[in-house]
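Okay, structure first, notes after.
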Amino acid sequence: MKMPTSFTVVPVEDGAKSSRDDADDNNVLREEDEDGPGDGNPKESSPFINNTENDKGTLYDGKNMALFEEEMDSNPMVSSLLSKLANYTNLTQGVREHEEADDDEGAKKKAVKSPQMGTFIGVYLPCLQNILGVILFLRMTWIVGTAGILESFIIVAMCCSCTMLTAISMSAIATNGVVPAGGSYYMISRSLGPEFGGAVGLCFYLGTTFAGAMYILGTIEILLTYIVPNAAIFKVEEKELEAEAMLNNMRVYGTACLTLMSLVVFVGVKYVNKLALVFLACVVLSILAIYAGVIKTIFEPPDFPICLLGNRSLQKHDFDKCLKTEIIDNITVTTKLWSLFCDGPSLNASCNEYFRENEVTEVQGIPGLMSGVISENMWSTYGAAGMLVEKINFPSKPATNTSQDMYMPYVSNDIATFFTLLVGIYFPSVTGIMAGSNRSGDLRDAQKSIPIGTILAIATTTFIYLSCVVLFGACIEGTVLRDKFGDSVKGNLVIGTLSWPSPWVIVIGSFFSCCGAGLQSLTGAPRLLQAIARDGIVPFLEVFGHGKANGEPTWALLLTGLICETGILIASLDAVAPILSMFFLMCYLFVNLACALQTLLRTPNWRPRFKFYHWALSFLGMSLCLALMFISSWYYALVAMLIAGCIYKYIEYRGAEKEWGDGIRGISLNAARYALMRLEEAPPHTKNWRPQLLVLLNLDSEMCVKHPRLLSFTTQLKAGKGLTIVGSVLEGTYLTKETESKKAETNIKSSMSAEKTKGFCHVVVSSNLRDGFSHLIQSAGLGGMKHNCVLMAWPGMWKQANDAQCWRNFIETVRETTAAHQALLVAKNVDSFPTNQDRLGEGTIDVWWIVHDGGMLMLLPFLLRQHKVWRKCKMRIFTVAQMDDNSIQMKKDLQMFLYHLRLDAEVEVVEMHDSDISAFTYEKTLVMEQRSQMLKQMQLSRTEREREAQLIHDRNTASHAAMNSDLTPDRVHMTWTKEKFFTERNRNREPNTNMAVRDLFNMRPEWESLNQSNVRRMHTAVKLNEVVVNKSQGAHLVLLNMPGPPKNRGGDENYMEFLEVLLEGLNRVLLVRGGGREVITIYS
C-alpha cells in the first residue's frame, strides 16, 4: 500500500519584516514571447535555481536563516520557489496569444487568464472533430463495398489500434511535465533530440498541410458532385473524358477555395475558432443522422431503386425508368434507356449485344438492416481500373464483344483497387489524435485531461467506424457500396441515401465539416512551422519564424499555401490521402519510439502521471506504424523516410547545437557505457592497434595554443579515427584558476575545430606543471578508451629558459610514458609542419630504424600517407649496420619484412664503422659538462644565479682565448669545428690508438677528466647526426628512434644535449619511442 507523501509547514517567526515577504507580483510571471531569435529552450525552469533576475535588489535580512544567507542569491528559499510555481502558467497553444497583441510594445501586459477548459470541451470534442471527417463521408461506403466487411473491419481495426497505442504513448509523454507551444513537435523533439525533432516536426507539418489539401479537395468534390453539379467549368460529352474533366474542375475550384481560406486565416483566425463549434455540430448531426437512418431501415427502408442490366449496375443520370420498352396507349415504345444502348429509338434499331441479350432489373439500393444483404457484402471485390460494378450471384448472359462497354452508361471503377491502397486512403480518417495535446495550455488540468480525453475520443471514433463498417454492409446493396460517386442512385451521396430524415443532412453536414477541417489545417500548420523555425534548429527556416506585429505567421502561411496547392494540383482525393498517411504515420512512429526509449532508459526525469503505458505497447505501436507505412505504399514510405533522413542529416550538419536532455543522448550514453565495458575486458589485438593520442599542449599567457600545428599533425595522423585527447596544464589551484581553465578549454576547442581535430579536450589545474602532465598521462581517458600514445612538441627554447624546470618536465614526461608503457612522439620544429590545407609534392618520409620499437616507426608513415597532405610522399626506411653485420643480407631481410607487412618503401642500409672519438666530440662533451656543472651550482636567487653564470662564462672565455687566440670571439665555445675535426682525425690515424688519444689529451688536458660514458654517447649522437643529415636533409619528415633518458637523474641535462646534437641540421623531425608492445603484424 502506498503511503501518501505528507508535508508539514512549520511557521517561523521573524521580528524583522523581510522584503521578500511581499514578492513583486509583476515579476512573478515573465512573458516568454521575448525570447531571442533561435532560442529554442523555453524558460520552463524560470522559478528554479540560479534565476535571480526577478529578485535583484531583494536582500535577505532575517535572522532565522542566517546560516544560508550567502546562498540566497543562487538558491531561493522554498517559500519563494513555491510562490513562483503557483503563479507559473503556460500561454495558450492555439492562436489566442496572437489575437491579443500588446498595445504599447509590451509595456502593458494583459493578465493571462487562468485556463478553464475541462476534459470534454478541451480535449474530447476537438479530437472527435479532427478524427471524424472527409473519408467517413466520401469513401467509407466505397471501402466497405470494395474490401468487404471482413477486410474493412481489419483495415479499421489496424488503423485504430495504431492510433490507440500512439495515444497511450503520447499520454505518457504529455503528462511528463508541461508541454509548451508546438504540441506533438515539442514532445518529440524534447524526447528524441533536435535532429529527430526537426525531422519529425517537419513531417508532421507536411502531413497537416497535405491534410488541408485533402479537406479542400473533399469540399470541392461534395460541391461539384452532389450540391451543384452544373457549376463545373470543364464539361465533356464523352464518358471516357469525364474523369479528366473532373480533375481539372477540382484544380480550378480547389485553388480558388485555398486562396479564400488562406485569406480568412490571414485576416483573422478568431473567426475560424468561433466557427469551430458550428463545424463540430455538423459532424455530430451527420453521425446521428446515419444511425437514425440505419434504425429506420428496420421498419421502412428508404426508396432508392437501382437499375441493373443483367448483373451490371447502370448510371441513373440520363433515364428515369428502368425499362427497355413501355406500353403507352397499347403501343410499345422505347425508353430513354433504349436510346443509350441502341442506334435509335425504333424497335428494330441496332443495339448493343449485352443490352440485347440481358434483361433490365430494378432492385432496392438500400434493402435495410433485416434484408440479409450482409452475407453478400462479406467478401472483397477488388478490380482493375475500368472494371464494371456487377451484382454478385445475379443472372446475366456474357457478351462476346466488350470493346464498347467503356462508352456505355455502366458504373465502373475509376481506379484500380487492392487492399493496401484502401489502407492508405482510409488512414487519414483516424488522424487528429494530437488535437488535445496541442491545446494543453487551455486546459484546467492538462495532465489529467489529455490522456482521458484523447483515449475516450479514439475509443468513440473506433466504435463509430467499426459499427459503420458492419451497418453499411448490412443495410446497403453491394453494387451501391462500390459506386464511389453514387451514379446508380441518381448522383446522391451514398452515405446520404442511408441517412434520415434527408440525404441533404449528410451532404451539407459533410460540406461544412470539410470546410472547417481545411481551415483548421491552414491555421495549425503555419504555427507548427513557426514553432520549428523559432527553435532555430533548421537555419534556412528562420525566416518563417517571423510574421505580423501580433505574431501571426505570415511567411509560414504563404509556404503552407504553396505546399497545399501542390496537393490540390494532384486533384484526386485518393492520390493525396496516402501521402499524408505517410507523414502522419512517421510522426506517430516517433511518438511511440520516444515513449519506448524513455521507458527503457529509465531516465530520472521520466515520471509520467499517466501510468497505463509500457515499452512493449510503444514498440508494438511503432511496429504497426512502420507496417502500415509500407502496406499503404512502399514507395511513398521510402520517400517519406528519405525526406526525414535528409532533414535529420541537415540539422546534424548545419543545425544549432541544442541540449534538450533527449532520449537519443541517453541511448548514446548507454551504448558508450556498454562498449567501454566490453573494451576493458581485454587489450586490443595487434591488428586493431592504432595510436590513441594524448596531445600535450602548451598555452601562452592569453590561454591560447602555442603550437596549433601540433593539432594539424594530429588530424593528419588520425584522420578522425580512434581516440584523441587534447590536454593542457595550468599551474595553480582550481579555485583560483577556474575562469582561466574554462577559457583555456574554450580556446583549445576552438583551435581543434579550426584544425579539424576530432577528439576531447581536458584542461587540468595542478600545483605544478610536472604533476599536472603526470595526472593527464595517468588518468586521461576512461576504461578501454584510454590513450596509448603521447604526442608533444620539443621544448625548442630549453637552453634559453631561465628555469631548468622546462626541460626537467620534458624528461620526466618521457620517463612517465615509458613507465606507463605508452608510446611517445616528440615533434621538433613543429611550427614548420604542414597545415591541413598544404599538399606536399613529390618527396620522402624518411624512417631511421635504429632499434626495434614494436613497429611504430613503420606504422606512422603509413597512417600519415592516408591523409591528402602526405599522400604523394614516398616512404624510405634506413637502418644502420655495424662492423659485424652483413649489410646485403640485412637489406634483403628488411625488404622481405616490409613485403609481408604490405608496406611500400625503399630500403637502404647505412654502414657505420667503428672510428676514433674525435676532438670535436670531446669538445662538445666538455662544453656540455661545464654547462651542466654551472646549472647544478645555481641554487641561489635569480640575481645571484645570473652573476654566477656570468663569472663561469667569463672564465671559460678567457681560458679558451688563451689556448686559441686565432679563433674569433663568437666561436669561443666551439673550439673544434666539424671541418677541423675531420682533418685532425685523418692526421691522427696511427696504429697505436692509445697514443692518438694521449695526443688529444695533451692538446686539452681538461678532456682527460671527462665522463667517458658521456663521451661515448656524444660520439653516437654526432656520428648518427652526420649520417642522417647526409641522407635525409631534404626529406619532408624524418622519423627517428628516440633514445631513452638516463636512469641516473644526474645526467638529465646531458640527455637534452645529446638529443639536440642528434637532431641538429634537420627541419621536421618526429622522435618516436615505442610503448613496449608490437603494433604491427605480418598476419592477416
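Here the Cβ of each residue, glycine as well, is placed from N, Cα and C on the backbone.
If you check TrEMBL, you get these features:
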REGION    1-57  region 'Disordered'
COMPBIAS  43-52  compositional bias 'Polar residues'
TRANSMEM  118-140  transmembrane segment
DOMAIN    123-299  domain 'Amino acid permease/ SLC12A'
TRANSMEM  152-175  transmembrane segment
TRANSMEM  196-217  transmembrane segment
TRANSMEM  250-269  transmembrane segment
TRANSMEM  276-295  transmembrane segment
DOMAIN    411-694  domain 'Amino acid permease/ SLC12A'
TRANSMEM  415-435  transmembrane segment
TRANSMEM  455-481  transmembrane segment
TRANSMEM  501-519  transmembrane segment
TRANSMEM  555-573  transmembrane segment
TRANSMEM  579-600  transmembrane segment
TRANSMEM  612-629  transmembrane segment
DOMAIN    708-825  domain 'SLC12A transporter C-terminal'
DOMAIN    829-1084  domain 'SLC12A transporter C-terminal'
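Residues 119, 123-124, 127-128, 131-132, 136, 140-142, 144-146, 148-149, 152-153, 156-157, 160, 163-164, 167-168, 171, 287, 290, 294, 297, 304, 306, 308, 313, 363-369, 371, 373-374, 376-378, 381, 389-392, 411, 429-430, 433, 436, 488-489, 494-495, 497-498 of the same chain lie 6 or more positions beyond the ends of the transmembrane segment (455-481) yet place their CB under 8 Å from a CB of it. Confidence for the domain 'Amino acid permease/ SLC12A' (123-299), expressed as mean pLDDT, is 86.
Each residue in the domain 'SLC12A transporter C-terminal' (708-825) gets a DSSP state, and the totals come to 58 helix, 25 strand, 35 coil.
Listed as Cβ neighbours of the transmembrane segment (276-295) (distance under 8 Å, sequence separation of 6 or more from its ends, same chain) are residues 125-126, 128-129, 132-133, 137, 302, 369, 464, 468, 471, 475, 495, 498-501, 505-506, 508-510, 512-513, 515-517, 520.
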